[in-house]
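**Student:** Annotations per TrEMBL:
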| type | residues | note |
| --- | --- | --- |
| DOMAIN | 29-544 | domain 'Major facilitator superfamily (MFS) profile' |
| TRANSMEM | 25-54 | transmembrane segment |
| TRANSMEM | 66-86 | transmembrane segment |
| TRANSMEM | 98-115 | transmembrane segment |
| TRANSMEM | 121-144 | transmembrane segment |
| TRANSMEM | 156-178 | transmembrane segment |
| TRANSMEM | 184-206 | transmembrane segment |
| TRANSMEM | 277-297 | transmembrane segment |
| TRANSMEM | 317-337 | transmembrane segment |
| TRANSMEM | 344-368 | transmembrane segment |
| TRANSMEM | 451-477 | transmembrane segment |
| TRANSMEM | 489-510 | transmembrane segment |
| TRANSMEM | 522-540 | transmembrane segment |
Amino acid sequence: MEGGVNVTDKAEFKECLRLTWTQPYILRLVLSAGIGGLLFGYDTGVISGALLYIRDDFTAVEKSTVLRETIVSMAVAGAIVGAAFGGWMNDRFGRRPSIIIADALFFGGAVIMAFSPTPTVIIIGRVFVGLGVGMASMTAPLYISEASPARIRGALVSTNGLLITGGQFLAYLINLAFTKVPGTWRWMLGIAGVPALVQFVLMLMLPESPRWLYRKGRIEEAASILRKIYPASEVEQEIDAMRQSIEEEVRLEGSIGEQGLIGKLRKALGSQVVRRGLMAGVIVQVAQQFVGINTVMYYSPTIVQLAGFASNNTAMALSLITSGLNAVGSIVSMFFVDRAGRRRLMLISLVGIVVWLAVLGGTFLGAAHHAPAVSDMENQLFANRTQTCPEFNPNVHWSCMNCLKAASTCGFCAHQGELLPGACLVLNDMSRRTCHADHMEFYTEGCPNNFGWLALIGLGAYIVSYSPGMGTVPWIVNSEIYPLRFRGICGGIAAVANWVSNLIVTQTFLSLTKALGTSATFFLFCGVSALALVIVFFTVPETKGLQFEEVERMLERKDYKPWKRYQGVGDLEPTRKREIGLTEP
């Protein structure tokens, strides 16, 4: 999962509700910008269902796992470029124009996909959507944070994370709603342009971030916006606080010395504090992806079909459960991350992930061993109406799994509700229609079995384990572990590591299931997750309850051990306390 949820407490939520009621302009700003999170989540969820119908419409997509992976992952590739380019645009042109351009890209990509005549054009549309997602994913929370009152900033920024998971859930609902409509996948992908168009119009009527305006010397414009956000009695105080904050920010940037990207990077990596923090930050971001979450979010209906549910409608309906659990997990994390601690919550999460990936691997292994046989008698029933799979040899025992792994790409026609022998047929529309005409079910991904519901339980438990811990905490760790003067460049490195890891996982999952089998693929992710558990234990410190200065001092200690808990400034050496002004010399 990409994106993060800021941590808030109950008091902040109460203050948030009060202020948004008395100052509705704040709510207008937040919800308008938050549509970017909704688009991010919608794109993640919608492609998983649309892919089932794209596969049915284009034979090349049905027969090529690489082509299917490319359709999914090109949005991720576009997001990597969009996030990098968006950072430059944010500083050069402002937050508001960046969101508007992201909307235009997303809307254009949605239209291209809706009218795509070929898979290649779908891929082009996915790249455009990815560029928009990448820009919006980093700009929307930045705009919200800079246009929010400081005392409720966390609660308001957290709405962006909730809208991401809400967008995923909405995507599954819309996928389900359009299953019976002609041009199914075109509607699923094209309708994403509607919220992008809505945000485009809303952002034209909203102001630029006051902080960006102030940095550019447009002080009166910034003050005018702040007067709409804050009560009159607080405006001057907030303007003064912004001035001091920006002056300190500029001072820290100047302390780095070299202003070029290479110079900043060299300076950052020359610091032991940054190296330790960056190692922890990058590790948790890479681990977040390599435990396999986006195999679930991008391919959830396909995984349900691999578990033995052949119907597209059934696959998408059951996938709705995983999306809902992910959204609930994001909310749970907001309440527990400050109580349990970041490190502990990630480790508990990883233990659950390892256990349930092992259960999923074992479930798919059992399903493969109990797959129904291919019967020559059943094949002969279809001899006059369709074509038997070329690789099938009646003198050699074949199961449904052998049929689906055939080089010429075949499907298994099975009796509904019973694990009886079936027919192995060439995968084409005629075979599918003929099989359905005989009131049988046509399987192309997984085989009928008695283990399917156990796989769904394992999938749900995996999401419940992942979402509150590894789903949100890596972003929180990355917001706390870097010195302020290097936070931008280090955060960018960690975010790119996350997107690249996401791309690797999404581009290889289906190929792995074909090459290794579904069971072995989940066991592979289980092994990687177990390795991540060990690495996180030995490299990621606890930042719960520490001020930014205390985190920096912790990382520079000679006796630093990531698994050791440091109790704030009270645990610092006297000389270190004096250095940060906490005691008299």
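Keep in mind that glycine also has a Cβ here, set from the backbone N, Cα and C atoms.
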**Student:** So which of 121-144, 156-178, 184-206, 522-540 has the most C-beta pairs under 8 Å when paired with the transmembrane segment (277-297)?
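**Tutor:** Checked against 121-144, 156-178, 184-206, 522-540; highest Cβ contact count belongs to 522-540.
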**Student:** With an 8 Å cut-off on Cβ pairs and a sequence gap of 6 or more, do the transmembrane segment (344-368) and the transmembrane segment (184-206) reach 3 or more such pairs?
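**Tutor:** Contact between the transmembrane segment (184-206) and the transmembrane segment (344-368): absent, because fewer than 3 Cβ pairs are under 8 Å.
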**Student:** Are the transmembrane segment (25-54) and the transmembrane segment (184-206) near each other by the rule of at least 3 C-beta pairs under 8 angstroms (pairs 6 or more apart)?
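**Tutor:** Counting Cβ pairs under 8 Å, at least 3, so yes.
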